[in-house]
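Quick look at what TrEMBL lists:
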TRANSMEM  92-111  transmembrane segment
DOMAIN    95-519  domain 'Major facilitator superfamily (MFS) profile'
TRANSMEM  131-151  transmembrane segment
TRANSMEM  163-182  transmembrane segment
TRANSMEM  188-209  transmembrane segment
TRANSMEM  221-240  transmembrane segment
TRANSMEM  252-272  transmembrane segment
TRANSMEM  333-356  transmembrane segment
TRANSMEM  368-387  transmembrane segment
TRANSMEM  399-419  transmembrane segment
TRANSMEM  431-453  transmembrane segment
TRANSMEM  465-485  transmembrane segment
TRANSMEM  497-515  transmembrane segment
Amino acid sequence: MRDIPVLHLPVPLPPPISAVGRRSIPPSCALCRHRSLPSRSGLRAVFHPAKKFQVLAANKQLPELKNGKSESEGVSVRAEDSDGLDIGWLPAFPHVLVASMSNFLFGYHIGVMNGPIISVARELGFDGNPILEGLVVSIFIVGAFLGSISSGSLLDKLGFRRTFQIATIPLIVGGLLSAQAHTLDEILWGRFLVGLGIGVNTVLVPIYISEVAPTKYRGTLGGLCQIGTCLGIIASLFLGIPSEGDPHWWRIMLYIASLPGFFIAFGMQFAVESPRWLSKAGRVDESRVVIGNLWGESEVERAVEEFQSVIRNDGSDLNSEWSELLEEPNFRVAFIGGALFFLQQFAGINGVLYFSSLTFQDVGITNGALASLVIGITNFAGALCALNLMDKQGRQRLLIGSYLGMAVSMLLIVSTISFQLDEELSHNLSIVGTIAYIFSFAIGAGPVTGIIIPELSSNRARGKIMGFSLAVHWVCNFSVGLFFLDLVQTFGVAPVYASFGAFSLVAAIFSKYFLVETKGRSLEEIEMALNPNFHGSDK
């Protein structure tokens with residue numbers, strides 16, 4: 001099977017289409033933790049979060065907001081220059097762009113092994129062995145899982161810039177090792193190292209963007225994660241075209257894969273550190289400088305006061321423990337993060353991408369590269385729409401609409417399979433359903449999932465919560481890729497696609513009752529509102 005990462009995207013089936021979402025962590029992995037909670041209040045928080053979240057978010061009056069001015073309002077004043085052009089996002093954009101290169105690399109590695117895997121297998125001597133071919137693809141996910149789990153501890157101790165730079169080491173070494181591989185062991189080690197670096201970066205990027213972006217533009221800038229992934233996939237598809245005529249072209253593609261790592265390492269030398277991490281590390285003066293440069297001088301004092309209020313409540317040391325995820329409100333957010341990625345993967349994005357080439361063949365598009373390009377452009381178009389809507393419509397509404405669109409698209413495809421229709425009409429409706437599904441995913445389920453989890457997380461445990469959530473994502477990605485074809489062969493396409501639609505519907509309901517809207521509120525406002533025991537402002 002191949003892989004199709006999403007995160008921004010999902011990951012692969014035997015021969016991967018993407019690299020982030022094809023293996024799966026059973027829901028019990030996220031749910032079983034409630035059994036060890038010491039009090040019934042923790043259980044109530046997990047199983048009745050909707051009412052509690054909505055009441056707290058809507059009604060709790062925060063001391064910092066008594067003057068009626070939020071960070072987004074302050075930034076918007078500075079953003080309107082003399083020509084009335086809104087450029088408040090511009091100071092943070094170069095730093096976000098450097099971080100988003102990690103997602104470009106992620107997308108590139110999602111697509112880089114799709115076509116060339118056959119050439120790789122022939123040259124390295126395991127052609128015709130589907131287990132080894134699948135292993136070359138899947139070892140990437142093993143590394144990504146370990147990278148996700150380890151990223152939180154690195155981030156707590158080293159901060160974002162250094163952790164990004166350290167993560168480029170396995171990306172560069174793994175890319176070069178894969179490119180010059182002459183044995184199966186070498187290509188496996190190379191793919192594993194690349195997965196390790198990607199696993200760390202998929203955790204870092206959404207957190208970094210959420211912490212350096214002005215509140216007003218946090219959703220829009222966060223959407224660059226998905227844009228980067230889409231562009232990486234499209235780039236790998238274009239660069240993979242010569243591989244059909246050159247059996248050794250895969251080496252060139254893997255050498256090219258090492259180049260963005262150098263750019264990220266170099267760019268992070270000039271990127272800013274997160275002002276929130278700087279404050280937590282006691283480097284408040286440096287934090288003030290970053291805030292002034294990115295958000296405006298008028299925001300410095302208010303932002304620092306909020307940071308310090310949260311730090312007093314959470315604790316000032318940098319080393320959070322995994323056991324803290326069993327405590328409220330971290331447990332609730334970790335449960336929501338794991339559940340969102342579980343539902344995202346079992347809503348079937350990887351399976352639909354895998355079968356999309358067959359669907360296009362039914363209508364006469366036999367060129368696999370052309371079919372993949374249509375899918376890539378659809379995904380990119382959806383990501384662009386999400387970029388525009390994230391801070392206008394809000395995260396929760398986009399997520400609900402996205403999953404409802406995916407459910408309707410699955411219903412359309414299942415109907416064309418199940419009912420006797422004109423063959424040409426049936427094929428055309430399947431194409432419409434497939435494109436609508438991918439567009440719906442790209443406009444919400446893909447980008448919003450990675451953005452809203454760090455927004456809901458506490459400052460102290462944000463890295464650990466995001467690491468856990470993406471570990472769930474990778475396991476689910478692996479599971480879907482492992483069992484998808486067997487399920488299709490056993491039950492048929494229609495029942496499997498119907499289950500994807502059912503999971504999409506469940507995800508829409510989950511998003512409605514378990515999430516709160518985070519648009520337009522600073523991370524500290526959200527944390528204070530969602531924690532009924534917050535007392536950081538007490539002096």
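Quick reminder: no glycine exception, Cβ is built from N, Cα and C everywhere.
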* To do: State the mean pLDDT for the domain 'Major facilitator superfamily (MFS) profile' (95-519).
  => 91
* To do: Given the cut-off of 8 Å on Cβ pairs that are 6 or more apart in sequence, determine whether the transmembrane segment (188-209) and the transmembrane segment (399-419) share at least 3 such pairs.
  => no
* What else in the chain is close to the transmembrane segment (431-453), if you only count residues 6 or more beyond its ends and a Cβ gap under 8 Å? -> 6-9, 202, 205-206, 209-210, 218-219, 222-223, 225-226, 230, 333, 336-337, 340-341, 344, 347, 349, 352-353, 356, 359-360, 363, 374-375, 378-383, 385-386, 389-390, 395-396, 398-406, 408-410, 412-413, 416, 465-466, 469, 507, 515, 518
* Structure fact -> Residues outside the transmembrane segment (368-387) whose C-beta sits under 8 Å from one of its C-beta atoms, at least 6 past its ends, are 9, 17, 111, 114-115, 220, 223-224, 226-227, 229-231, 233-234, 237, 240-241, 244, 353, 356-357, 360-361, 398, 435, 438-444, 446-448
